[in-house]
Every structure is written in C-alpha cells, then in structure tokens.
C-alpha cells in the first residue's frame, strides 16, 4: 500500500521557491538555502565529531546542547553568504524527526520561531524523506517512481518512492542498521569515531575473504536486513586473535555489501513481479558515501537495466541542503505545515507497512 504523509495545511501551488533548511536530528548541525531549480545557494555544517569521540558514539545530551550553540550562527552565516534576508525566503523547512529528540526539538523549534517571526510558511521535514529526495537534487533527470536503498546509522530500508510523500516500504532491518554495525565494528577494532569512514579506510589494506563471516537472512524470501549477528561474529573473530585487524574490517565490509546486494536484488524482483515500472535504482543515506558499496550496486542496477543514482558523498551524510530541497519539493506541491506540528523521535515514511519479524524493528 502506498501511504502519503499528510500535510496539515494545503496552500496554492507557488511558481517558485527559495527555502531555508535546518537539520539537527543527530550530531550534525546544518543549514542551507536551496532554490526551486535545486541550486544550493549556500550550505554550511558544524560537525560534532570532536565532542563525541571520547565516548565512542553520539551522546544525545551533548548533541542537543551543541545544536543550541551552533544553529543560530549557521543561519546567519548562510544568509550573509547568500546575500539574502529572511524576507526574501519563501519558506522555512526544518527536520521534525525521526532522530534524537533533543536535537530534533532544537532545530524544529528554531524553524517555528523563524516562521512565526518572519511570517513565512513552515514545512516539517521527515529526515528520511530528506534522504529519499536528495537523489533528485543531485540528478535533475531523476523522476518518480524509483526504488530506494536507504542506508544510514539509524535506518536500513528499501522503499518504493512513488512521489513526494508517497512511500511503500519493502524492507527494513529487524535489529541493527548497517551504519550502526559499522560503528560497532569500528569500536571493536579500536578504529575510533565516526566508525563508517574508519572501517572503510582500514578495509583498503585487508583481504575481504580472509575472515569467514555470516550473511544474515541471505536465504530469506523477504528482503529484510539483519546485522546484529554479523556484529557478534566480528567480535568473536577479533577476540580469537587469529585475524589481522584490516582483514576483519575488509571481511566485515564485504559481508555488508553482499547483504545489501542480495536484499536489493530480492526487492527488485518483487516489484518486477508486480509489474511496477521504475526509472532508477537509488541509494541514499550516510552509508551511501562508502565508495566500496557503489560498484556492486551499480552492477546490480545494470543487470536490471536500470541506472544507479547516488548523490555525491557530501549529500549522503546529514546536511542542510537535503532538508531545504525536501522543503522545495513539498512547497511546490503546496504542502505546508502549521506551528502545532510536533517533533517526533520516530516517524516512519510508511506507517502502515507490515512489521518485519524480529525484535527492535526500526522506523
């Protein structure tokens, strides 16, 4: 079933859009200004890596406080660089979830305040929709519908993207997300934070076939993901003392790639079996920045006579441009929200999707 995310208020379709986007759902504070044609007028980001590195992961309280300190200066920086003032902006788009609720609230309340003070429309953006629509920012020829592999630190899903606000979830993780498994593997191997890039770098010098690691759910008929068992296998391989660190990293990364390809293959066959025509196979989310993942998915797409569309790495990880662009997409369709819109820790793109069998299914 295709389920639309309902707007709280519908306005007349505007001819043009210049949207300010605010992102604060995890550990990146980001602001950007994007126009109707997808031109990124200005985009700036303040990372919190140094703040969280001593803890080996993101600390929600620290993240929220950092967003408070950094968001307003970033807004001023983007406006100054663009030569625009708030009166010239058509709408304010802010992440309203899902994510770490403290950080989400900081950004969304700031968006509401700007909307109220400047009398500009507010657009509440689902962070996942920001990722889902970013490929259309990166490739202006991409049209609906397309199949999306959304891979990040908090989510691992396969979605049929039919239109703005219309999503059908075909697969999700039944436990850990792929990016979370990368972070945990980096911690096990002592590679530091953030874990994804650290594992990717370490894997460059390793043998991807050196360590026998499982491919969870590889024989399952449904295209759902599972990475908890793989993470445990990495821990055991490391504790055995038999394998070199770079070989474990390379073998882990290859196992993840094999799972992504296998699950995506099943999803592609599923929609082909339903005679659904799509225009592209698309990847997005922080893990999509991993350069080792792309070649295998390119081969898969080509085997199904589809192009693989992947944003540049700078648009894969959390950024303000993706939120501003999602705001542009919604604003052009008249999808406007009001000041009573809530911030949400969880906000599935397809709230009516059947729950996958397994514990801890993520939105």
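Glycine is no exception: its Cβ is also placed from the backbone N, Cα and C atoms.
Not measured: the values here are computed from a predicted model.
When 318, 337, 350 are compared with the Fe cation site residues 127, 131 in Swiss-Prot, the one appearing in that site is 318.
Record note: Swiss-Prot gives 150, 151, 152, 153, 154, 196, 290 as substrate-binding, and the candidate from 139, 176, 183, 207 in that site is 183.
For residue 151 (substrate binding site), the nearest of the binding-site residues by C-alpha distance turns out to be 131; the candidates were 127, 131, 318.
By neighbour count, meaning other C-beta atoms within 10 Å, the densest spot among the binding-site residues 150, 151 is 151. All protein chains shown were included, and the count of other CB atoms within 10 Å of the CB of residue 127 (Fe cation binding site) stands at 28. Closest to residue 131 (Fe cation binding site) in space, going by CA atoms and restricting to the binding-site residues 150, 183, 196, 290, is 150.
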